[in-house]
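J.: Can you read through this structure? Questions will come right after.
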Amino acid sequence: MSNPEDNWSSKNYTWIADKEEGYIAGRIISQEGDNFVVELDNGDKRTVHGNDLQKMNPPKFDKVEDMADLTHLNEASVVHNLRLRYHSNLIYTYSGLFLVAVNPYFKIQIYNDQYIQNYKGKKRGEAEPHIYATSDMAYLDMLQDHENQSLLITGESGAGKTENTKKVIQYLAAIAGGHGKDKSGNLEDQILQANPILESFGNAQTVRNNNSSRFGKFIRIEFNASGQIGGANIKKYLFEKSRVTHQTPKERNYHVFYQLLKGGDEELKSKSK
């Protein structure tokens, strides 16, 4: 019996660049020197230079959790895998040591207490890629190795840096917070409640993001010998001071000014004119 993967490989599938889709799939049907004739799924044919072809992975790699496992690790394959996972509401994907997050731009129900418990104490690979899994791995490494751990969250404006930072804090507060009955003023809640205040004074609406952070944050969470949260501090840097006096067209000042105007009393509003 023939192997389905062998049959697939014999069809010479490939990726080619496309102005609208980024990359589209095709099948090499002939070669003329350094150029290849590629037949697209819709039957159209394009002549493409060999340097512009990117190899396609077999279907068994569709929606793979770790892109380091791809046989052909190229830009087209990475984009294709992220797209497939995104359309299945799988917004997190591993890429070796890194966790790639694609902002869904809508609320997705993967951050509740049940999810927190599902990732608590799990090894990588025992559950779907998630910011909780990365947070738990850092927490366990800290306990086992007795060494400080760092999570670096980067990305362009609107990528989800602020929200994923909140999820890290939420997860650590849930698994390493106190267990007293009075939860109104405990330390982990104070850490979580500091975010809206920071966002009021440091976030603003831009043309790309309605809640864009205009500063960098370094959040340090300290743990005691038993692994519970014992303290925290937040340092800001690279604050965009110029926004206070000048905003580019279609952008706004910091949230706090609008919040004061909307929620302040008449005396405050009169002083602000």
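Just so it is clear, glycine is given a Cβ too, placed from its N, Cα and C backbone atoms.
In case it helps, TrEMBL gives these features for our protein:
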DOMAIN    9-58  domain 'Myosin N-terminal SH3-like'
DOMAIN    62-273  domain 'Myosin motor'
BINDING   Gly155, Glu156, Ser157, Gly158, Ala159, Gly160, Lys161, Thr162  ATP binding site
J.: What mean pLDDT score does the domain 'Myosin motor' (62-273) have in the model?
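T.: Mean per-residue confidence for the domain 'Myosin motor' (62-273): 90 out of 100.
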J.: To which of the binding-site residues Ser157, Thr162 does the lowest count of other Cβ atoms within 10 Å belong?
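T.: Lowest Cβ count within 10 Å among the binding-site residues (Ser157, Thr162) is Ser157.
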J.: Which numbers of helix, strand and coil residues does DSSP report for the domain 'Myosin N-terminal SH3-like' (9-58)?
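T.: Result for the domain 'Myosin N-terminal SH3-like' (9-58), in helix, strand, coil order: 4 helix, 30 strand, 16 coil.
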J.: Taking the binding-site residues one at a time (Gly155, Gly158, Gly160), which has its Cβ surrounded by the most other Cβ atoms within 10 Å?
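T.: Top count of Cβ atoms within 10 Å goes to Gly160.
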J.: Please classify the secondary structure at Ala159 (ATP binding site) using three-state DSSP.
T.: coil
J.: Name the residues of the same chain, 6+ apart in sequence, whose Cβ is under 8 Å from the Cβ of Glu156 (ATP binding site)?
T.: none
